[in-house]
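Notes follow once the structure below has been shown.
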Amino acid sequence: MGSIGAVSMEFCFDVFKELKVHHANENIFYSPFTIISALAMVYLGAKDSTRTQINKVVRFDKLPGFGDSVEAQCGTSVNVHSSLRDILNQITKPNDVYSFSLASRLYAEETYPILPEYLQCVKELYRGGLESINFQTAADQARGLINSWVESQTNGMIKNVLQPSSVDSQTAMVLVNAIVFKGLWEKAFKDEDTQAIPFRVTEQESKPVQMMYQIGLFKVASMASEKMKILELPFASGTMSMWVLLPDEVSGLEQLETTISFEKMTEWISSNIMEERRIKVYLPRMKMEEKYNLTSVLMAMGITDLFSSSANLSGISSAGSLKISQAAHAAYAEIYEAGREVIGSAEAGADATSVSEEFRVDHPFLYCIKHNLTNSILFFGRCISP
């Protein structure tokens, strides 16, 4: 392991393992990469065991350039943060085929003095930074201000990232992190081909969903031993793809969840396993939106000091008692028909009779949206019911 892609994938599955515990039989959707970049903002100012724990969970020391002698004034290898920043800049750069809206910020109770050098570093490296706010005597108003900021940064898509009563007069610092994604496929699904088809939630229960359909050349793989198959659906521009991991059986998701790991995923999506074939693809139209308080998840993973009185954030504030009271995360994405190239009806019609292989996503599955250049997992999800 030695790349941001590998680090994000390892972290992704560690988070998933914990989220599964708290959200049995529910849809799950989150952005491992942006959680890492949010924790990196904290890591900049963390010291001693607080810093060690974050590093152990996120594995910053596995990144190229981690131990370089060129130290930033923030006391952390610049390369780690600049490589995260470069990917963030790359994916959030405005273009006509996909859009990312990111809101990531620390909010500290205003009575804590914040070190100017920390503010400078976090602004340079993460464009977001830290705001001081009045939790002590106006907690609900502070919550409203934070929610409004996130809503405006995400074009109105993510509302109320902080739930009522999630902050109070004792709140020291809150980490908020929210991301929205909309993208065009390389090959569009035609609107008129979308129709209501039953999605089998369990062996006994099904519900109608809007099922998109197309025939085309796609990279696909069947894993007989794992009883599942994988499909890659490229977004326009080729820098990102959605990967769908579909169990063979309606009830096969649990086995897949138990099996999946960084090593397995790397093996499954490798070029010597995936092969391009002409297939019929059925994929539900989906709107994914989930919000999490990641405090318990990160604590279960081993970041405990950060959320307790043992926190050492002396690189952020000279006040010894600063800690994080809550880490809020929200992710939103839409999967719909729009794409860059539309395949003509005549071409598709001629294919329909000659193509027999199907990839029919009509029962629970796992999926991820991956940045192909760096192999970073931008989003990971479980769909029990679209």
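The backbone N, Cα and C atoms fix where each Cβ goes, glycine too.
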>> Just to confirm what the record says: which one of SER308, SER345, SER376 has phosphoserine annotated in Swiss-Prot?
In response: SER345
>> Among SER69, SER169, SER356, can you tell me which residue Swiss-Prot lists with the annotation phosphoserine?
In response: SER69
>> With Cβ-Cβ distance below 8 Å and at least 6 positions apart along the chain, what are the contacts of ASN372 (N-linked glycosylation site)? List them in sequence order.
In response: GLY238, THR239, MET240, SER241
> Between ASN312 (N-linked glycosylation site) and CYS121 (disulfide bond), what C-alpha distance do you get in Å?
Replying inline: 18
>> Give me the long-range Cβ neighbours of ASN293 (N-linked glycosylation site): same chain, 6+ apart, Cβ under 8 Å, in sequence order.
In response: GLN163, SER166, GLN326, ALA327, ALA328
> When a 10 Å sphere is centred on the Cβ of CYS121 (disulfide bond), how many other Cβ atoms does it contain?
Replying inline: 23
>> I'd like the Cβ neighbour count for ASN312 (N-linked glycosylation site), meaning other Cβ atoms within 10 Å of its Cβ, all protein chains included.
In response: 18
